[in-house]
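Working notes for the structure below.
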Amino acid sequence: MSAIDPGVEDGIKESADDVEPDKEGADYDRDESRSLQQPSRWWFASTACPLLAGTFGPMASGFNICALVQYWRQTIPPEPNDAEVLGHKIEDPEWVLIVNIFSLAAAVIGNAALLLNMARRVRFSIAQPTTITGFLTAGILLIADTATLSSQPAYGLTKETLLPPSRHALTQAFYYAIFAAVIYTILGLLMCVTVYGANKGHYSKDFHLTGSQRTLMLQTMSFITYLMLGALVFGYIEEWEYLDAVYWADVTLLTVGLGDYHPTKALTRGLMFPFAFGGILMVGLVVGSIRSLILERGKEKLSARIVEKKRFYAVHNVDNRKQTIKVSMFAKVDFSTDPALSPAQKREEEFNVMRKVQKAAERERRYFALSLSSTFALILWFVGAAVFQQTEFQQEWTYLQALYFSYTSLLTIGYGDFAPYSNSGRAFFVLWSLLAVPSLTILISNMGDTVIKWFSDLTIWIGSITVLPGEEGLRASTRAAARTLTSWMNDSIKSFTPPGILGAAPAEPEQRLERSDYENKMLDNLAERLGRHTGDRHVDFVSESEKEQDTMTKDIQFYHYVLARECRNVQKDLSASPPKEYTWQDWEYFLKLMGNEDDPADFPGQQHPDILVPEAVRAPKFMMVGEPSTHLTPDSRGSDEKATSSSDEPQKPDEMDGNIDRKTSVMRQMTAKRKQFRNRKGRRPDDDFLMSWSWLSQDSPLMSQKSEAEWVLERLSAALERELNRQRKGFRVQPPIGLRDARKRNKMAGNKEGGEDGAEDAAQEREQDALEKAEKSEE
């Protein structure tokens with residue numbers, strides 16, 4: 001049996017042999033779960049590249065339209081300050097206009113193909129080559145157009161009075177053409193990477209996007225169209241140049257409000273109300289979709305990748321001498337490698353370590369996301385200030401003034417004491433502001449998980465010991481705060497390791513229960529959980545109405561009852577915020593209900609076995625307790641034939657690697673790891689990688705992209721479906737739990753109180769059970 005991915009396996013959607021399995025959906029979920037743990041380059045190629053193209057493609061087309069509606073050259077009057085604003089446009093050669101039109105047409109075709117592909121109206125194999133060809137063609141044409149014009153002396157002007165550089169300039173349209181050309185080229189190359197990865201089989205040839213992500217391109221197109229149409233209307237009424245009106249509309253809808261352009265007529269002031277309100281709503285939609293892309297999908301990918309790196313780091317950094325394992329560069333936790341531990345104890349050790357890995361990974365993800373968004377915002381601030389200083393050279397801005405202007409615009413304060421007047425400055429401001437506002441939104445969202453949370457927790461803590469004490473009163477709140485602070489300081493001191501030549505002495509390992517005591521504790525926990533379902537009503541029903549049925553039938557009915565109730569209980573945890581995290585005892589209980597001790601070969605009446613528990617966390621065969629798995633065919637259901645055991649012979653302890661029988665896998669793993677470490681200088685392979693991991697394996701349920709409640713509920717419901725289907729066909733299999741498990745709690749308590757008498761009673765009871773089985777088999 002091969003390892004099962006924590007995603008949706010084939011068996012989950014198979015109802016025995018008469019239901020067609022949903023291979024496509026299962027394969028996608030498996031690939032999706034694996035892809036989240038893979039290096040980020042292929043996730044970037046499969047998801048981020050198309051979304052970037054969907055976001056910036058319409059923006060580039062809008063810039064292309066801006067480059068088309070106005071001439072690219074103008075005269076400069078002798079006034080020194082606002083010379084470019086008062087300049088007169090010079091007609092361009094016809095070839096400039098023709099190339100610009102062809103460029104816009106190619107870009108529109110590329111955007112349309114990408115939009116239809118995202119909407120699943122056109123196949124990937126047709127849409128993506130069309131998109132790449134359209135974007136690259138548009139970019140190359142605009143690059144050739146702008147390069148040819150700018151390379152000519154005096155931009156192709158022949159009039160002698162305009163030949164001096166101080167008498168001519170390029171308009172905003174020329175700079176919009178440069179921005180569009182650069183964006184088209186970058187997007188075309190990014191989509192080439194997407195097609196390459198799909199053709200190499202790194203992901204499917206389809207965009208598996210959420211609803212908000214699919215509508216991102218449509219929202220961006222709507223916003224750009226709304227902005228440009230609004231600029232057309234307001235520019236016509238106010239008698240502004242169209243590109244100046246585009247600049248005003250951008251400043252207005254992004255709520256910067258510099259004040260250099262503002263409505264002066266009653267009609268435009270009246271139209272301002274609906275225009276600004278609708279535009280701000282559309283900005284919110286676009287920013288919300290971008291936030292969904294970065295914070296939801298990016299968070300999911302980043303979290304999975306960091307957890308995988310932390311997990312891989314932990315399993316290769318086990319210190320047998322100190323009995324510790326490193327979960328990060330500066331964090332160690334206790335981890336026993338004592339061979340005397342039972343498999344269940346080993347699994348619990350790994351489960352506790354995996355929880356520490358998850359917490360360390362989540363902490364690293366939050367700060368990494370904060371640092372990434374902060375870095376991008378700082379780049380926009382400082383680099384934008386440098387660009388504005390160069391574009392506004394006629395106003396003689398210093399870098400400090402440009403930095404001040406960029407800061408007030410980035411935070412949408414917009415005092416208006418500084419504003420761009422040059423053609424290049426206004427065109428760049430439109431591009432810069434469209435990037436700055438979403439980035440600032442993402443930065444504030446990331447700060448909410450870190451910096452803002454610090455201040456919030458600190459404020460609540462200070463309030464609890466000063467003016468806002470808890471319900472217990474000021475004195476109790478102060479004592480609780482002191483205990484928390486003292487506990488934190490003690491943990492910090494214990495975890496601190498002073499430097500030294502010989503290093504710190506190994507700490508004393510934590511005292512753990514004996515193997516037998518631990519197994520009794522696990523059985524006690526199981527009995528306690530099952531005891532919640534053995535109410536008087538159900539017990540009476542089984543004992544009175546089913547007296548004539550054998551023990552297996554009672555256990556099967558009880559198993560179905562427990563599965564149904566646990567599905568209902570877990571369903572309540574689906575909407576928990578933050579997501580529910582189950583304890584080790586909860587997980588062992590749920591996995592046992594799913595059948596983590598089933599023999600994969602013992603699935604009567606089914607072509608495909610329902611292996612609901614990943615191999616890594618399945619209980620080993622030699623630890624199976626209770627009756628062996630048995631089944632009866634429909635023909636023999638009415639007779640009392642001898643039940644046949646389907647479990648293999650117990651494995652010897654030296655053949656067991658950790659928690660499961662993986663002797664063959666270990667040999668293959670040894671060979672593969674030796675090849676992997678052969679080319680690494682300064683590092684020798686040790687015995688750590690030969691361990692068979694359970695909860696620290698890549699197939700651990702805690703590595704799934706689903707929440708824990710979703711993972712458990714999916715498999716519990718599949719187990720219930722499997723059992724009901726068996727019952728419908730007349731096949732019977734000994735369930736993983738039964739009524740006897742629920743009654744063991746009282747028996748164990750009696751054994752502890754009765755001492756030797758209790759042990760004798762237990763032995764007599766086991767003997768009596770064996771005699772009853774023998775009598776049934778003889779009959």
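Cβ coordinates are placed from backbone N, Cα and C, and glycine is handled just like the others.
What TrEMBL records for 1-34 (among others) is region 'Disordered'.
The feature compositional bias 'Basic and acidic residues' is assigned by TrEMBL to 10-34 (among others).
Annotation comment: TrEMBL describes 95-119 (among others) as transmembrane segment.
Residues 53, 57, 60, 64, 67, 72-73, 92, 96, 99-100, 102-104, 106-111, 113-114, 117, 170, 174, 177-178, 180-185, 187-189, 191-192, 195 of the same chain lie 6+ residues outside the transmembrane segment (131-153) yet bring a C-beta within less than 8 angstroms of a C-beta in it. The transmembrane segment annotation in TrEMBL covers 131-153 (among others).
The feature transmembrane segment is assigned by TrEMBL to 173-196 (among others). Tertiary proximity for the transmembrane segment (173-196) is limited to same-chain residues at least six positions away from its ends with a CB under 8 Å from its CB atoms, namely 45-46, 49-50, 52-53, 56-57, 59-61, 63-64, 66-73, 100, 103, 107, 110, 114, 128-129, 131-132, 135-136, 138-140, 142-143, 145-146, 149-150, 243, 423-424, 427-428, 431.
As annotated by TrEMBL, transmembrane segment applies to 216-237 (among others). Sequence-distant contacts of the transmembrane segment (216-237) (same chain, six or more residues past either end, CB-CB distance under 8 Å): 51, 54-55, 57-59, 61-62, 65-66, 111, 114-115, 118, 244-246, 248-250, 253, 263, 265, 267-268, 271, 275, 278-279, 282-283, 285-286, 289-290, 293.
Positions annotated as transmembrane segment by TrEMBL: 271-294 (among others).
Long-range contacts of the transmembrane segment (367-387) within its own chain (CB-CB distance under 8 A, at least 6 residues past either end) are made by residues 295, 298-299, 302, 306, 399, 402-403, 405-407, 410, 428, 432, 435-436, 439-440, 442-443, 446-447, 449-451. The annotation transmembrane segment is assigned in TrEMBL to 367-387 (among others).
The transmembrane segment annotation in TrEMBL covers 399-416 (among others).
Summarising the annotation, TrEMBL assigns transmembrane segment to 428-448 (among others).
Summarising the annotation, TrEMBL assigns region 'Disordered' to 626-684 (among others).
Per TrEMBL, the feature compositional bias 'Basic and acidic residues' maps to 637-664 (among others).
As annotated by TrEMBL, compositional bias 'Basic residues' applies to 671-683.
Residues annotated as region 'Disordered' in TrEMBL: 731-779 (among others).
Per TrEMBL, compositional bias 'Basic and acidic residues' is recorded for 763-779 (among others).
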